[in-house]
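> Got a structure here, written out as structure tokens. Questions coming.
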Amino acid sequence: MSTGSNSFPVYSKPWDRNFRGIKIWNMQIITVDKGFLLAECARGMAFLFTCIFLYCTGNVWGSQRTEASVYLDNITRILDRLLDGYDNRLRPGFGGPVTEVKTDIFVTSFGPVSDVEMEYTIDVFFRQTWIDERLRFEGPIEILRLNNLMVSKIWTPDTFFRNGKRSISHNMTTPNKLFRIMQNGTILYTMRLTINAECPMRLMNFPMDGHACPLKFGSYAYPISEIVYTWKKGPLLSVEVPEESSSLLQYDLIGQTVSSERLKSNTGEYIIMTVYFHLQRKMGFFLIQTYIPCIMTVILSQVSFWINKESVPARTVFGITTVLTMTTLSISARHSLPKVSYATAMDWFIAVCFAFVFSALIEFAAVNYFSTLQANRELRKAAALKAAALEAAAMGNEEEVVSPQSGGSSSSNLKKRMNSVPRSETPAGQFTPPQVPAFLQQGSAVPANNVLTGTSIIDKYARILFPLSFGAFNLVYWIVYLTKDTMELSRDTE
């Protein structure tokens, strides 16, 4: 028998051939390694724990599966019970109290706005909430979150947009509708809509105008005695418009207000909910496109006052070119507007600029007319002077004959007449007629003197009056329209 530290004796029967050792009398002493025994024990324990874990896991999984199955069965039974005997043709509380539909709107995109068509486009999440006592339930869940298939099985309000021209309910990739049922029978129904709505505009203050574009909705068939609409979050918070949702180029969305009104018709009295989106037009485009070119054209037309009045072709080109330019600007300015029968603020500005340009052309016509009139007057004077000089020259060449009957008196009268005519004598004693003006000798149509070739008195006054009057007009125009409360006026027209 061994007594080592790593082994111990094991006694067995001699016929056991599975043991090896030293046979002493009728016994066998076997040496066994302790590490081997510990490994075998570890394997046994691992197997035991594995069996226990699998047993527990199976019980838990089976329990969860059973609970999930029971949960789904409960929800299915709740839905079946809700729809059992439910008539979606009748409103909640039919024949009893009025059904209250609470609404709110979340704007995802606003714009564009068309001035020509007088309409705007808006993309919204339109939410409606009401209570249907027939859909009360009790169960393990407080809110039933259902898809759009449930919508067709229950009653929903017949809401429509009164000023909508075209409306789209989005269906990609599935109908964009949200449907919820609470335990107390409260229904939440949300739709994503894109609406093209009318926006009546009065463009008398264009382009310094502001508009209140309405979005009106209500029940199509139910009068106020059966359905009433209210704002769910009050008048201030029921319509949400984030800053990033505005996609406007010519307008600034400065705010929104809500209101409700009653409309009487042949079929009853209906309630109408209205949202006003307040828009203020941006002027940058029109300043660059119309106002600055008009101002520059008027200034260009007044440059002709500083050109010599004898430069007829140059001043004529200035006048005609500026008139044609103003005509082109007035036509192009109307392309972005509807064909309204009244004048806008920009029409008045263009009309006044056109009047200044046309007046500059008329001023040159007046200068040319009076200059020609004065030249003709000088020509007539010169012609009369030339005729008198020629007559005096002819008479100076005749012999001085004194009639006996006339005596000294006739001779004296003739000498007086000859002395009254200007003349000069050459050193040889010959008579020469007076000098004729140079412009008559050259055949010029305009006399070459300071009176006729200088600056016209009309041009002198025009150089001062035209710029002052145009500057005063601009001062009054911009003060009036920029300080005018155009938004308040547009709101009153709705």
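Glycine too: its Cβ is placed from the backbone N, Cα and C atoms.
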> Quick one: sort out which of 283-305, 375-397 is the transmembrane segment according to TrEMBL.
283-305
> Using DSSP, tally how many residues of the domain 'Neurotransmitter-gated ion-channel transmembrane' (290-420) sit in helix, strand and coil.
105 helix, 0 strand, 26 coil
> Determine the mean pLDDT over the domain 'Neurotransmitter-gated ion-channel ligand-binding' (76-283), rounding to the nearest whole number.
92
